[in-house]
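Below is one structure; the comments refer to it alone.
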Amino acid sequence: MTLAAASHGFLTPSGVEIAFLLVGLVTLGAAVVTVTTRQLVHAALWLVVALGGTAVEYLLLTAEFIAWVQVLIYVGSVVVLLLFGLMLTKAPIGRSPDADSGNRWAAVAVAAASAAALVWVVVDAFRATWIELGTPQGTTETTGRSLFQYWVLPFEALSVLLLAALVGAIVLSRKGTDTAAGSDGGGTAPLPAPGAAAPSGAATAPGPALREGQR
Amino acid sequence: MSDALDIVVRLLAVFVAFLVLPLVVGQTEHKVMAHMQGRLGPMYAGGFHGWAQLVADGVKFAQKEDIVPAGADRRVFQLAPAVGLLPYLLVLAAIPIGPRNAVGQSLDAGLFFVLAVMGVGVLGSIMAGWASANKFSLLGGLRTAAQLLAYELPMLLAAASVAMAAGTLSLPGILDSFHWWWVPWQLIGAVVFFVAGLAELQRPPFDMPVADSEIIFGAYTEYTGLRFALFLLAEYAGIVVLCALTSVLFLGGWHGPFGADGLGWLWTLLKTAVLAFLIIWLRVTYPRLREDQLQKLAWTVLIPLALVQIALTGVVKVVTS
């Protein structure tokens, strides 16, 4: 890590930098399509492209471990969960008329604000620091060391958060089984959160709530 | 220049393996099932032992019309077979077959790469199930997703146990630190990994997502011709990948009782072939599990077993170091 930003001009980019920029553009485009498309399942599939693009960016920054974790957790699990939830409730082929929200301007404002905050934090943290990528910066060993030496407390705090989510999911799914006995056949009632359905309820809650939205 | 040549040769080798090995498994399945269940059909084409059955199947698939249902989501429907097949090609590139860097591409976090990309393959089935505009396909897609969510966890935990034992996530690295007593030590993990992998591939007895007696052929119901063949190919490529991975992680890959020099790749192939035979054997032996039995097996049997294996690995690791 050196402070010699002057010797690395922006006008003579290397191949990796060009690739980084192009993949970034694709990721940005996919992300924009994700939130603007009127087709629900297409939105989830564009999200796959956006998350995969992020993984490729990590890879170009030689953070191999983070890149594969990104693919494993986000593409392999989160998007599959999302698709599962969509298909279980409402996933028509073609445009959904109610896919638009009246909160779009508020959403744009929140998105712009959080993006600005993140960009500002990163820019402020690194300023003109130049990190040489010749030797891999994000191998499993390096990531593990910094995670368990310098970031143990945030790491543990996050696991408490996950535990809270787990407990919440169990509570939600238990409530679902209690009321299901009373109100059978109410096909319009919304399902519990897909996250709650996956661990225990997935096997027991098919049939009645599956709406016909296909043709 | 020789670097570029080296990469080209490696990629070609991986590609050839990707084209040949799944077909070998497919042919073996024809013959083994024919023998075990007394099926006459696969033993006829071409004369001796029905050797031409696979060729005939290929010709049949290539001749069929490629149909996209009128109500389907055209692009997603056509893209799904590629999404289902390509990940296995990528995974195959990261599996070491012999010592001294005999691997398509050695990765620092190879274990993570392999498991992550295998999970992406299932996305193809989910896309196919949704895009077909068919209730049976949608049900198949839903079951696929539920199955993936349930079985990904025990598979990861079992793989994590091996990574703990070896102290690395790199597949060649894991094999470098392998000793024979790892096989009994990691036995529970091996069984959990193999069973969870079978479920992720939707092979019998875990083929609820394609249960032909109730939902026709699940997510692949509407597919014809070459696109259907691609899904079948993905299944066999998945068998190859799962068997190769199990033999690398739990059975010592290129290590064998003799022939340490030069014959390592043969050991890997042999172990993979035995496991593939086991998968075919399971298909002709066991009846299909019901959907709720399937979920129950994952959450109440495999995950606790995988956690026991991790605890065992941790204790042994601490005691011996």
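Just so it is clear, glycine is given a Cβ too, placed from its N, Cα and C backbone atoms.
These figures come from a predicted structure and were not determined experimentally.
For B:7-26, B:76-97, B:109-132, B:153-175, B:181-199, B:228-252, B:264-285, B:297-319, the entry in TrEMBL reads transmembrane segment.
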Can at least 3 Cβ pairs under 8 A be found between the transmembrane segment (B:181-199) and the transmembrane segment (B:297-319), with each pair 6 or more apart in sequence?
-> yes
Spell out yes or no: are there three or more C-beta pairs under 8 angstroms between the transmembrane segment (B:7-26) and the transmembrane segment (B:228-252), with each pair 6 or more apart in sequence?
-> yes
Feature contact check the transmembrane segment (B:76-97) with the transmembrane segment (B:153-175), CB under 8 Å, 3 or more pairs | yes
What stretch, picked from B:76-97, B:228-252, B:297-319, has the most CB pairs under 8 A with the transmembrane segment (B:264-285)?
-> B:228-252
Go through the chain and flag residues at least 6 beyond the ends of the transmembrane segment (B:297-319) whose CB is under 8 A from any CB in it; none is fine as an answer.
-> 150-151, 153-154, 157-158, 160-161, 164-165, 185-186, 188-189, 191-192, 195-196, 199, 289
Long-range CB partners for the transmembrane segment (B:76-97) (under 8 A, at least six residues beyond its ends), listed in sequence order, are 10-11, 14-15, 17-18, 68-69, 103-107, 110, 113-114, 117-118, 120-125, 127-128, 130-132, 171-172, 175, 222-223, 227-228, 230-231, 233-234, 237-238, 240-241, 244-245, 248, 253-254, 264-265, 268-269
